Amino acid sequence: MAGHLTSDFAFSPPPGGGGDGPGGPEPGWVDPRTWLSFQGPPGGPGIGPGVGPGSEVWGIPPCPPPYEFCGGMAYCGPQVGVGLVPQGGLETSQPEGEAGVGVESNSDGASPEPCTVTPGAVKLEKEKLEQNPEESQDIKALQKELEQFAKLLKQKRITLGYTQADVGLTLGVLFGKVFSQTTICRFEALQLSFKNMCKLRPLLQKWVEEADNNENLQEICKAETLVQARKRKRTSIENRVRGNLENLFLQCPKPTLQQISHIAQQLGLEKDVVRVWFCNRRQKGKRSSSDYAQREDFEAAGSPFSGGPVSFPLAPGPHFGTPGYGSPHFTALYSSVPFPEGEAFPPVSVTTLGSPMHSN
């Protein structure tokens with residue numbers, strides 16, 4: 001390392017000064033930083049990193065100027081790197097509070113300002129803040145009222161012995177629209193949207209008033225519950241009757257109303273039951289016929305792989321069989337044109353499963 005420094009910097013006079021002349025510096029060691037920051041005579045080329053011949057001499061590509069941080073904020077502006085000075089003078093130290101060493105300001109005595117928000121955006125935000133306080137206060141007040149009413153509704157419902165489903169059915173009796181148990185539950189838990197809570201609150205408020213004043217509301221609710229709980233029973237047809245209907249369907253898939261009435265009278269069924277059975281049977285026949293037609297078309301067209309299985313050996317070298325699938329080294333493919341007899345690669349059938357093979 002010392003030899004390298006000696007070959008580069010030892011006995012090297014600064015540019016522009018003679019080493020042997022009177023008053024010149026004596027040959028000896030020169031500090032590289034002093035030599036690099038040396039400024040030549042006025043009018044002469046200055047030596048420094050990134051200035052004039054400096055980058056070409058040292059073979060260093062010019063790099064972007066460093067950023068100067070003022071108060072923790074970076075600004076973008078024309079800057080000059082450290083050690084870059086204007087021609088015609090030496091570097092001079094600058095007092096604190098001004099720009100850094102070698103940094104040119106974009107205005108006389110004014111430091112660059114950091115990027116700030118545009119005044120228009122600030123004005124819009126202020127206008128929004130001036131308009132929103134009243135609306136936000138109203139919304140908060142409504143939210144508090146909804147919370148209190150939800151608690152009151154739950155207490156009143158439990159006290160009077162109503163379930164959430166009963167409340168929904170009673171609303172249907174009073175206002176013609178039945179609400180589900182889930183809706184009432186979500187209202188009490190404040191899980192509905194603010195808009196839906198506001199829409200549902202007047203109806204529930206009337207329900208609370210009716211529950212307090214109307215003594216027959218409980219009976220009305222029970223009657224409505226029975227009506228809603230009564231469901232249409234699933235029709236069950238005996239096998240003997242189903243067989244007779246199947247025979248009649250084969251004779252006439254689409255009977256008229258008179259024929260349906262006659263069939264229902266003979267079999268002891270209701271007209272609607274017979275009509276629905278024939279309708280369902282026709283739909284079932286359409287589905288089965290379409291599936292059968294598709295299968296026939298596929299068989300008529302033939303499989304795209306009509307040729308027999310053809311086995312091709314893998315590339316030479318160690319192979320590892322797939323665990324659980326035996327040890328064949330042949331990949332079975334299907335060719336549309338089978339190989340004629342006597343040619344290479346006859347089909348090979350694998351009947352046994354072997355353990356995985358490993359090469360040594």
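Note that the numbers count up from 1, one per residue, in the order the chain is shown.
Yeah, the Cβs are placed from backbone N, Cα and C, and that goes for glycine too.
Note that the coordinates shown come from a computational prediction; the quantities given were computed from them, not determined experimentally.
Swiss-Prot lists 1-51, 88-114 with the feature region 'Disordered'. Residues or ranges marked as motif '9aaTAD' in Swiss-Prot (evidence: similarity to another entry): 4-12. Residues or ranges marked as phosphoserine by Swiss-Prot: Ser111, Ser236, Ser289, Ser290, Ser355. What Swiss-Prot lists as SUMO cross-link is Lys123, and the listing cites similarity to another entry. Here Swiss-Prot flags 138-212 as domain 'POU-specific'. What Swiss-Prot lists as DNA binding site is Arg157, Gln164, and the listing cites similarity to another entry. Sequence annotations record features per position, and here Swiss-Prot assigns region 'DNA-binding' to 180-186, 193-196 based on similarity to another entry. Marked as DNA-binding region by Swiss-Prot: 230-289. The phosphothreonine annotation in Swiss-Prot covers Thr235 and is backed by similarity to another entry.
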Practice task
Give the distance between the Cα atoms of Gln164 (DNA binding site) and Ser236 (phosphoserine), rounded to the nearest whole Å.
Solution key: 34
Problem - the residue listed as 'phosphothreonine' to Arg157 (DNA binding site) - Cα separation in whole Å - result: 39
Handout entry: Arg157 (DNA binding site) versus Ser236 (phosphoserine) - Cα distance in angstrom
Key = 41
Fill in the blank from the handout: Counted with DSSP (H/G/I as helix, E/B as strand, rest coil), the region 'DNA-binding' (180-186) has 6 helix, 0 strand, 1 coil
Completion exercise
Across the DNA-binding region (230-289), DSSP labelling yields 43 helix, 0 strand, 17 coil
Practice task
For the recorded positions Gln164, Thr235, Ser236, work out the Cβ neighbour count at 10 Å and name the residue with the minimum.
Solution key: Ser236
Completion exercise
Residue counts for the region 'DNA-binding' (193-196) under DSSP, helix then strand then coil, are 3 helix, 0 strand, 1 coil
Exercise for the section: Around the Cβ of Arg157 (DNA binding site), how many other Cβ atoms lie within 10 Å? Please give the count over every shown protein chain. Expected result: 20
Exercise for the section: Over the span of the domain 'POU-specific' (138-212), count residues by DSSP class, listing helix, strand and coil in order. Expected result: 62 helix, 0 strand, 13 coil
